[in-house]
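S.K.: The structure that follows is given in the form of structure tokens.
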Amino acid sequence: MLALDVFRGLTVMMMLLVNYIGPPPTYELFGHREWHGCSPADLVFPFFLFIAGVSLVYGLGGARREPARQGRALLTVLRRVLLLLALGMLIDLVPKFYFTSFRIPGVLQRIGLVFGICAVLFLKTRWRTQLLTLAGLLIGYNLLMALVPVPGVGAANLGRLTNLGTWLDRLVFTHRHLYNELEAHDPEGLLSTLPAIGTGLLGVLCGQWLRQPRPVAERVAWLLAASFGLIGLGLIWNGWFPINKQLWTSSYVLYTGGIAGAGLGTLYWLCDVQQWRRGTTLPLVFGVNALTIYALSEMGQQLLELTRRLPDGSKQPLRLWLYDQLFLPYFGYSRPGTFVYSLIYAALWGLVAWWMYRRRIIVKI
């Protein structure tokens, strides 16, 4: 499906713009919400999980129809999960390889777990079971976060450092293996992976619907209607379980899943039904090697966090030193300056993606 590759590529492009910004001040549009709420930057990760769910429907559809192939398919799924887990931890180890304090949870780790669980559900269950599983995950997670007391803290709460998920991550991983060692908090923690599976299941359900033998106009119309319905339900649920990326709240799952469904449905109508091709090349360049570009750009960012000793003896991260040398004379510390910084960083990885695309190099896990 061309629309899926275009959607994936647009998501990668957005990720590069919002993840690798220069020093403050920055445009609010490109920043993550500190806690409750959802900015455009907060759409990137759920879009990837949604895309993974849709993709596995197309990749594993044959195995689902032929039970004899499911054993081999499950081994392939397990291999991919393990590779994503390992690659995610490797990215955090670069460049110093401090095994005593590297981050265990992470973006690729969550993608791997969500992909694996959704793949098993897709191969072994029907869509009604998947829908019930989705509802159970979202309602159950809400009840856990709202009702279960937090050991050592007290009543259930949604505080950044005092919620049930943070307590569980500290217990399982310890402070030294989380995203923020000082605060002992991780936005890709264990408990919030449960509703993240729900995001993947929304993609699985979307993929199955798009493959139904129904008139294409009907498929697109119902997908768009369901997507806007999810957005509405997410906004309603936000009233008592706020939309929050770091907690991956149930309202966040519905809200972002609805936006993803509406985006994919629109692109499906334009690219696959109307055969629209103008403007799709650039997203395709990023989309066909999305995982490779993500992994390399993350490692590049880790290298840019290495410090450089200044003449006065102080240390400065290499990324800030580069900004001071290349952008500060023209932009100062300003929003346009940080935007140009992130735009150039994205363009550099775009050149890598273009080189791979032109030579038909596609790296798959």
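Each residue's number is its place along the chain shown, starting with 1.
Yeah, the Cβs are placed from backbone N, Cα and C, and that goes for glycine too.
Grabbed the feature section from TrEMBL, which reads as follows:
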type	residues	note
DOMAIN	3-213	domain 'Heparan-alpha-glucosaminide N-acetyltransferase catalytic'
TRANSMEM	7-23	transmembrane segment
TRANSMEM	43-61	transmembrane segment
TRANSMEM	73-95	transmembrane segment
TRANSMEM	107-124	transmembrane segment
TRANSMEM	131-150	transmembrane segment
TRANSMEM	189-210	transmembrane segment
TRANSMEM	222-240	transmembrane segment
TRANSMEM	252-270	transmembrane segment
TRANSMEM	282-304	transmembrane segment
TRANSMEM	339-357	transmembrane segment
S.K.: For the transmembrane segment (282-304) and the transmembrane segment (339-357), decide whether they are in contact, meaning at least 3 CB pairs lie under 8 A, counting pairs 6 or more apart in sequence.
M.R.: yes
S.K.: Quick one: do the transmembrane segment (107-124) and the transmembrane segment (339-357) have at least 3 Cβ pairs under 8 Å, skipping pairs fewer than 6 apart in sequence?
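M.R.: Counting Cβ pairs under 8 Å (6 or more apart in sequence), the transmembrane segment (107-124) does not reach the transmembrane segment (339-357), since there are fewer than 3.
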